Amino acid sequence: MALRFLSAGESHGRGYTVIVEGLPAGLPVSLELLSSELARRRRGWGRGPRMALERDVIEVWSGLRDGLTTGAPLSICLDNTEWRSWRGAMDPHQVDQQAQDKVVSCPRPGHADLPGRLKYGHLDMRNVLERSSARATAGWTLAGTVARALLIGLGIQVRGAVTSIGGVHLADPSSDEEWARAVRSNMGCPREADESPLINRIDSAKEEGYSLGGTFVVSIKDMPTGVGSYVEWDRRLDGRLAGALMSIPAIKGVSLGDGFDLADRPGIEAHDEIHLEGEALIRRTNRAGGIEGGMTNGQEVMLRAAMKPIPTMKDSLPSVDLSTMEAHRAHVERCDVCAVPAACVVGEAMAAWVAASAIVEQFGGDRFEDLSRRVQDHRSRISNG
């Protein structure tokens, strides 16, 4: 059975609910892991006031007993600490008419506001804003963390690091120690010396009233060889990974391995040559990013994503008030100056989700111990030729 998850909730609603279906029974999932990944999602310099208010209180409602999955759908609820102050404006049955200051009639360029209004007919675009908000990625992070738990049990690591913010570029992590530091770092930086230039860039943008984007890299280490397939377009693992990362709000580009740089190289410099070392087939480069023909090739899977600057800014962009059809500045909501470090955490979660889904589809098993044994048998068969 394939893994799938559904989420429900609004940015200023009562909370978020995530349901994960298809998990094998017997998978350890700890509250500590779920909480720690949500805490990482709140990280970063230049985050908005909401990060100081968010207190991610998690409750598992079903599918987990004594720390192990039962095979039933896993449901997780995430409370919204701001619900009380927004209840009048977000009441499911009757909105408080005194909450007119919450009405959104001036769409924000770069957000879902205007297309959402035109598609669904919402006169108050708060209905669009609330669901399209990046706050929804808290639920996605929970689902991805459950997937991460499955990967950890199979000896697979998912790691991420920030590689640029506002035109200030960093080198990729070059060792396990640097990857580990990036995961721990408040800024997602692989080296301590990387942090100050990024913080200074963010502070400058904050003073001038604009936002910043950037890039990050996600690594999936020790994936079994041969996950994914070339036989149909929708089974190619690189396509699934790229689609998952592109679904994250504000992500505008995704590449694998050396990605777009390969377009400028001659063919003799664009691929990973195959060499024989003893009886082992080896590669000395990883330009393909660990996937060839839609399948993992035994190397580290490397994904890169580019995040645009957040469209909501202190100095809002020109727009139109659709209630009067007059020129107006766009609606202003509390916002971050930069959320690239947080987006990196969400990128890890989405990559983990796709990787775990592909493994469950390929190897199956109603029990986690069965899945683990099948993956190990596959690894042994591949290594023995």
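Every residue gets a Cβ built from N, Cα and C, even glycine.
Now, the feature entries from TrEMBL:
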| type | residues | note |
| --- | --- | --- |
| BINDING | Arg41, Arg47 | NADP(+) binding site |
| BINDING | Arg131, Ser132, Ser133, Gly293, Lys308, Pro309, Ile310, Pro311, Thr312, Arg334 | FMN binding site |
**Complete:** Within 10 A of the CB of Ser133 (FMN binding site), the number of other CB atoms across every chain shown is 18
**Request:** List the same-chain residues at least 6 positions away in sequence whose Cβ sits under 8 Å from the Cβ of Arg131 (FMN binding site), in sequence order, or say none.
**Result:** Glu10, Ser11
**Asked** Around Lys308 (FMN binding site), how many other C-beta atoms are within 10 angstroms of its C-beta?
**Response** 15
**Prompt:** Which chain-mates of Arg41 (NADP(+) binding site) that are at least 6 residues away have a CB under 8 A from its CB, listed by sequence?
**Reply:** Thr137, Ala138, Thr141, Ala342, Val345, Val346
**Message:** Among all protein chains shown, how many Cβ atoms are found within 10 Å of the Cβ of Ile310 (FMN binding site), not counting that one?
**Reply:** 25
**Item:** For Ser133 (FMN binding site), the three-state class that DSSP assigns
**Value:** coil
**Request:** Would you count the other CB atoms within 10 A of the CB of Thr312 (FMN binding site), including those on all shown protein chains?
**Result:** 21
**Fill in**
Record-listed FMN binders Arg131, Ser132, Ser133, Gly293, Lys308, Pro309, Ile310, Pro311, Thr312, Arg334 have a maximum CA to CA distance, in Å, of 43
**Item:** Assigned conformation of Lys308 (FMN binding site) - DSSP reduced to three states
**Value:** coil
**Asked** In DSSP terms, helix, strand or coil for Arg41 (NADP(+) binding site)?
**Response** helix
